[in-house]
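Step one of this worksheet: look at the structure below.
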Amino acid sequence: MSSQDLYANAATDKPLMQVKGLIREFKAGEQTIRVLHDINLTIHQGEMVAIIGQSGSGKSTLMNILGCLDQATAGDYQVFGQSVNRLAPDELAKLRREHFGFIFQRYHLLGDISARDNVSVPAVYAGMDGQARNERAEQLLSDLGLADKVNNRPSQLSGGQQQRVSIARALMNGGDIILADEPTGALDSKSGKDVVQILKNLNAQGHTIIMVTHDPGLAAQAERVIEIKDGYIIADYKNEDYQRPVAQFSSIIDKHRKSAFGSFIDRLLESFKMSLLAMRAHKMRTLLTMLGIIIGIASVVSVVGLGKGSQEQILSNISSLGTNTITITDGYPYGDPRRQYNDDNLTPQDAQAVADQPYVLSVSPQLNSNMSVRYRNVQEAASISGVGKDYLDVSGETLAMGQGFDEQSILRRTQDIIIDSNAHKTFFPTTANPIGEVLLIGSVPGRVIGVLEPNEGGFSRSVDSPTLYMPYTTMMSRLIGSAYIESFVALIDNNISSSAAESAISNLMKSRHGTDDFRIRNSDSIRQTIESTTAAMTLLISSIAIISLIVGGIGVMNIMLVSVTERTNEIGVRMAVGARQSDIMQQFLIEAVLVCILGGLLGIGMAFAIGELINRVGGDSFKVIYSSTSIIAAFVCSTLIGVVFGFLPARNAAKLDPVEALSRD
């Protein structure tokens, strides 16, 4: 209901507030205690009413019901002609926000924010524009003699000054109806008189004032006095000398209301600010709460980085076997009975046919044998491999010195050889550069034209015995006298699916041979096995690390439950000034999420530090490689943990009863 509707009601002398047959009962174990008995009451716009009674008489309970902080057990209570008995919590909050202002005996100011911000809180929930909100808060404080205290916190103010801040807060959204609970109870006599005069001035401006007190002197200042005893109204009379003022003011909220989205953003920022203040107030507790999240996120990111680094290192070693290669080997598949009758099926022409395919980059035929090799007085058994001119490309081997084979080496069947590091150490232990030296392979001489780099990888082709390489044509004609090759290796274009290339080569070979008298091995299957194995190990270890995240999340929930308990009074104050349940839930949910996000960021930072340390210690042999996906996932995960584990505490806070919350210190 707008302020215009309010004043229309007043003009027609309709009751502003009307109570009929109101009863309020409380459960106390097995018993039911009735605090208010059949209360009937009518209050009109512009009245200044004092409800007087001793402690336990039910006056504060009645005020809580009138202020929509509590609801009656039975009977009817109407505000502006509308029954509030069946209103939802957020609808009651709307009434409090737009029409009620509360002045409490114990002030109930938020200790972590300034006087101006305390006064502004109701307007945040009402959706008032930020600049207008601050200007009005400062104006109200100035009107109440606190112009020089706008930036002071409650702890820096006297009791009288704090009560004035409380009054300014009650007026922030217009304060059509001011409910004051023992407004002078905690003040000295001078401050008490000042507060009474302020209330009378507000009544003169048209505000409806309802005071709850046990002081007859304060009650005598009101236009109307209602005496209550043991839950019954025993007297209701007017002070004859009191002059009732005429309402002459306009709405404050409607002039400066923001859009629904703008109001939501304001409330979000308010929640964010209060979350930061709460975290700052308990730095050590917040850090310890974050610790589980920090360790969990750091563990997950580090483990994924270690897994990625291990995978890359293994794949780098696999490259010594030839990257994306397919090996075609002579002979029927194992288990085929034809295998024992025919093993000579592959020819150099088969290798050339495969090399001519558009998806094949290069091919190297291969034969293998073991022979005695001699150099001067050194004789040793060695592995001899006949290879093609593209062997270095398909195998991934590199030369330490010298050169490889070329087209002429194959065509002319040259007696050139390339030796590996084992052969270098075996036959030329004191010769740094053996290029040009001649070895005797069986009875065939071979001139050294190249030396291979040592391959220390776990997937190296090298064996412990010396290995010599020569053109496959030379080996076929001069050493073994055969027209067949044992195998050939094809290097596949990286842009082509390795499995598709394997299928195409298999079909080509079957069409040439008319049968599958060959075997195919795809090096990509090794890589896939390694990748799947390291991924499985990473997932396993990550799942263990995630347990730390869950423990951290439980820690966040535990601390947030403690925070809700500690800040129950603050929750009650916010509800009293009009905060919706969603506003309260949002505030504590943001705090939980903020703790987890900060913990996540610190965890990611710790993971980078751990990775840098490992990279420095491991050198080139081992690296931690971070994945942007894992970092983003870790950040999202920490946020979700805040939402999931912060929901229960936030929900508990939102479901608190305003009266019960205000009663706690």
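Placed from the backbone N, Cα and C atoms, the Cβ positions cover glycine too.
The ATP binding site annotation in Swiss-Prot covers Gly53, Gln54, Ser55, Gly56, Ser57, Gly58, Lys59, Ser60, and the record cites sequence analysis as its basis. Secondary structure at Gln54 (ATP binding site), as computed by DSSP, is coil. Listed in sequence order, the residues of the same chain lying 6 or more apart from Gln54 (ATP binding site) and placing their CB within less than 8 Å of its CB are His214, Lys229.
Feature annotation from Swiss-Prot assigns domain 'ABC transporter' to 17-255. Taken together, the residues in the domain 'ABC transporter' (17-255) have a mean pLDDT of 87 on the 0 to 100 scale.
Per Swiss-Prot, the feature transmembrane segment maps to 287-307 (among others).
If you look at the transmembrane segment (544-564), the same-chain residues 6 or more away from its ends with a CB under 8 A from one of its CBs are 278, 285-286, 288-297, 299-300, 303, 571, 588, 591-592, 595-596, 599, 637-638, 641-642, 644-646, 648-650, 652-653, 656. Feature annotation from Swiss-Prot assigns transmembrane segment to 544-564 (among others).
Annotation comment: Swiss-Prot describes 588-608 (among others) as transmembrane segment, evidence class sequence analysis.
Through the fold, the transmembrane segment (630-650) approaches residues 293, 297, 300-301, 304-305, 549, 552-554, 556-557, 560-561, 563-564, 584-589, 591-597, 599-601, 603-604 of its own chain, all at least 6 residues removed from its boundaries and within a Cβ separation under 8 Å. Feature annotation from Swiss-Prot assigns transmembrane segment to 630-650 (among others); the stated evidence is sequence analysis.
Long-range C-beta contacts of Gly53 (ATP binding site), restricted to its own chain and to partners at least six residues apart, with a cutoff below 8 Å, comprise Lys59, His214, Glu227, Ile228, Lys229.
Looking at Gly56, Gly58, the binding-site residues in this record, the fewest other C-beta atoms within 10 angstroms of the C-beta turn up around Gly56. Annotation for Ser55 (ATP binding site): same-chain Cβ neighbours under 8 Å, separated by at least 6 residues, are His214.
Looking only at the binding-site residues Ser57, Lys59, Ser60, the densest Cβ neighbourhood within 10 Å occurs at Lys59.
The Cβ centroid of Gly53, Gln54, Ser55, Gly56, Ser57, Gly58, Lys59, Ser60 marks the ATP site; residues of that chain outside this set whose Cβ lies within 8 Å of it are His214, Ile228, Lys229, given in sequence order.
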